[in-house]
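Read the structure below first, then the notes.
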Amino acid sequence: MANDTALMSTASSVLEDVATSNDNNTGGFVFDVSAELWRYGWPPLCMMGLVGNTLVLLVLRRDGLVRTSANVYLSALAVGDSLVLMVATVAVYPGRDWGWLVVDTSRLACHVTMSVLFTLVNASTLFIFAFTVERCVVVRAPLRRLSTPRNAVLCCGWLLVLAFVKNIDLFFIHDLVVGTDSGDVICTVPLRYRNYLYNYRPVINFVTSGVIPTVIVIVCNWAIIRTLRRYLVQTTARDSIVRHTTVMCLAVSFVFIVCVAPAHVFYVTIPNWPMSLQDQYDVLLFLLLLRYANHAVNFFLYSLTGAHFRCELVALFHRCIQRGHLTAGCVRRMKSRLTGSFHYRREVDQHLEMR
């Protein structure tokens, strides 16, 4: 799991270094593919993420998916991802070369916005971690009783507190700094804290946000995949729902690692890369966009891997468009997957009566 906080702080610091470097004879940035991708790719990515996360929340509110621990984690993740995209829009986009940033307006805005952004990013990371562990617990039958909505709410609350405490130092090390050449006041990490940012914090984050969570997620996914072999041949409604939700968890955790691992590897090894400050910033910009893409794609992952989620999504659209009428195919799928479950009579029969 990537060092998201250090990555964004480093990008801001490298940005300042490039802008004030005496070696930068271009008079500004040479906007290559990464910069253009950031400039024009962020608006559709942010909009896609906000719409997708809103749809996730609406689907999770339906009776077929409510009152489960997975619902709590997925809802918390959707809210966290949406907040990350919204705060990042005012904190790091469009960039100082295309406009002004809210974080540059005052010291209070700099401290609060950056600390809130990093807390939300880490909280979303922890929600994915907790959801993966919870799915591993659920598929292990003797421990299912521990997986309750109440415990999930408590876990999310403590994880949010942990994310805040973990990033409290960033509230103090960010400040308004006057550029050496340009004279512009920008929110970044002052030089007196750069040694801590580059040399000490990466080690702390590598252990707490990298090695430990990644190893646990890989082990949990391995245990989940082994256990899923048994569910593939079972047809009960409970096992079917557990299997569908667990496959969604696997997709989210794997895509998460793919999106954040490159940034983590690059940040840890950045001193060994023979590249200029401009090239460093270009790579960081691309990795930052890839990292934020992880907050915008979960809706599509749920739709592709969660059959029960897709059915509830279809039911939601039909309720909005046709005042609650379900297609015959969706009803048949719901009946085959939910027969004997607690939600079958209340969900399917209710829609059949409305036809």
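Any Cβ shown, glycine's included, is placed from N, Cα and C.
All TrEMBL annotations are machine predictions without curation.
A quick note: this is a predicted structure, and the numbers were derived from the prediction, not measured.
TrEMBL lists 52-302 with the feature domain 'G-protein coupled receptors family 1 profile'.
Cβ atoms under 8 Å from those of the transmembrane segment (40-60) belong to residues 66, 71, 74-75, 78-79, 81-82, 85-86, 88-89, 93-94, 289, 292-293, 295-300, 302, 309, 312-313, 316 of the same chain, restricted to positions at least 6 beyond its ends. Positions annotated as transmembrane segment by TrEMBL: 40-60 (among others).
As annotated by TrEMBL, transmembrane segment applies to 72-92 (among others). Long-range contacts of the transmembrane segment (72-92) within its own chain (CB-CB distance under 8 A, at least 6 residues past either end) are made by residues 8, 11-12, 42, 46, 49-50, 53-54, 56-57, 60, 101-103, 113-114, 116-117, 120-121, 123-124, 127-128, 130-131, 134, 149, 152-153, 156, 252, 288, 292, 295-296, 298, 302.
Under the heading transmembrane segment, TrEMBL lists 112-131 (among others). Long-range Cβ contacts of the transmembrane segment (112-131) within its own chain (Cβ-Cβ under 8 Å, at least 6 residues beyond either end) map to 1, 4-5, 8, 70, 73-74, 76-77, 80-81, 83-84, 87-88, 90-92, 102-103, 155-156, 159-160, 162-164, 166-168, 170-171, 174, 187, 209, 213, 216-217, 249, 252-253, 256, 260, 295.
Here TrEMBL flags 152-173 (among others) as transmembrane segment.
Look at TrEMBL and you will find 203-225 (among others) tagged as transmembrane segment.
Nonlocal intrachain contacts for the transmembrane segment (246-268), taken as residues 6+ away from its ends with a CB within less than 8 angstroms of a stretch CB, comprise 1-4, 6-7, 10, 70, 77, 125, 128, 131-132, 135, 138-139, 202, 206, 210, 214, 217, 221, 224-225, 228, 231, 283-284, 287-288, 290-291, 293-294, 297-298, 301-302, 304-306, 309. If you look up TrEMBL, you'll see 246-268 (among others) marked as transmembrane segment.
According to TrEMBL, the feature transmembrane segment maps to 283-302 (among others).
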